[in-house]
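Asker: Once you've had a glance at the structure underneath, I'll fire off some questions.
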Amino acid sequence: MRFAIDVCKSKNCVALLLVRSELHDEIYEKVFPWGVFTLAKPTSRTALIRALDWMVSTRERLRNLEKKALSIEEKMEEIRLVNHAKWLLISQRQMNESAAHRYIEKQAMNRCLTKREVSLEIIQNGS
């Protein structure tokens, strides 16, 4: 039981515990907050297959949420880099915020780079 909880907490995955029917409710109450599935045994083949299908569905949902979270983190990192680069342009080249933003966008477009790449160059070069 502890292993299933630890795995589900640390890996964003799904686990299934087959437990004796007399202990099912007690164990379910302990493990459900961490996404651990429980199934009372003895169980039928149909119930086991249905539980596995639910687990696959849940895992796909978790995977999609992980991708979305990574995408948001990457976007936030890009925003931080662009803002840092704009700050450097404002402080060292006396540009205003909109001119610095336009400069980064124009450099990215003209050089076929991303705003992130242009911002990193500005930061590395000091302006």
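Positions of Cβ are set from backbone N, Cα and C atoms, glycine also.
Because TrEMBL annotations are produced automatically, they should be read as predictions rather than curated entries.
It should be emphasised that the depicted structure is a prediction, and the values quoted were computed from it without experimental measurement.
Sharing the features that TrEMBL gives for it:
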- 55-82: coiled coil (COILED)
- 62-123: domain 'ANTAR' (DOMAIN)
Asker: Given a Cβ distance threshold of under 8 angstroms, which distant residues of the chain, six or more beyond its ends, lie next to the coiled coil (55-82)?
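Answerer: Sequence-remote neighbours of the coiled coil (55-82) are 12-14, 16, 35, 37, 101, 104, 114-116, 119-120, 123.
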Asker: Across the domain 'ANTAR' (62-123), what does the pLDDT come to on average, as a whole number?
Answerer: 93
